[in-house]
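Undergrad: From Swiss-Prot, here are the annotated features:
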type     : residues     : note
SIGNAL   : 1-20         : signal peptide
REGION   : 18-55        : region 'Disordered'
COMPBIAS : 23-55        : compositional bias 'Basic and acidic residues'
DISULFID : Cys58-Cys72  : disulfide bond
DISULFID : Cys65-Cys78  : disulfide bond
DISULFID : Cys69-Cys115 : disulfide bond
DISULFID : Cys71-Cys91  : disulfide bond
Amino acid sequence: MKLCAVIIASLLVCAAVASSSDNQKEFAQEKEMTREETQSLGEHEKDDEVTGSEERSCIEEWKTCENDCECCGMSTLCAASWVDGHQIKLCRNEGGKLKKVLHFIQKSVSKIKSCKK
């Protein structure tokens with residue numbers, strides 16, 4: 001009976017996470033602003049002058065970066081590590097929400113199994 005309750009609860013959590021990510025994407029698309037609508041139009045014009053007409057692309061995983069915005073993917077972060085006294089920042093995939101949910105489910109099942117013994 002407890003196992004059924006855990007399975008149902010985990011399925012509900014997965015459904016909630018999936019629906020919230022869809023809602024966030026829809027919200028972001030609705031609130032997307034054009035350059036003319038932003039107040040920092042001057043900054044965008046300076047960026048255009050520096051980069052020229054070439055398109056900006058994201059940095060792939062395990063390559064150097066400066067901040068999270070440069071890395072490809074939703075769950076990829078610019079993480080710092082120290083090597084020989086120097087700080088190196090690399091884009092790393094942190095797994096996202098799904099990985100955390102699955103890890104939580106795995107821990108819950110193992111705790112239930114250990115309680116039965």
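The backbone N, Cα and C atoms fix where each Cβ goes, glycine too.
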Undergrad: Among the disulfide-bonded residues listed here (Cys69, Cys72, Cys78, Cys91), identify the one with the smallest other-Cβ count within 10 Å.
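TA: Counting other Cβ atoms within 10 Å of each of the disulfide-bonded residues Cys69, Cys72, Cys78, Cys91, the minimum falls on Cys69.
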Undergrad: Quick one: of Cys69, Cys71, Cys115, which disulfide-bonded residues lie within 10 angstroms of Cys78 (disulfide bond), measuring between C-alpha atoms? Sequence order, please.
TA: Cys69, Cys71
Undergrad: Which of the disulfide-bonded residues Cys65, Cys69, Cys71, Cys91, Cys115 has its Cα nearest to the Cα of Cys58 (disulfide bond)?
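TA: For Cys58 (disulfide bond), the closest Cα among Cys65, Cys69, Cys71, Cys91, Cys115 is found at Cys71.
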Undergrad: Which number gives the other C-beta atoms within 10 angstroms of the C-beta of Cys115 (disulfide bond), all protein chains shown included?
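TA: 8, counting other Cβ atoms within 10 Å of Cys115 (disulfide bond).
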Undergrad: Between Cys58, Cys65, Cys71, which of the disulfide-bonded residues has its C-beta surrounded by the fewest other C-beta atoms within 10 Å?
TA: Cys58
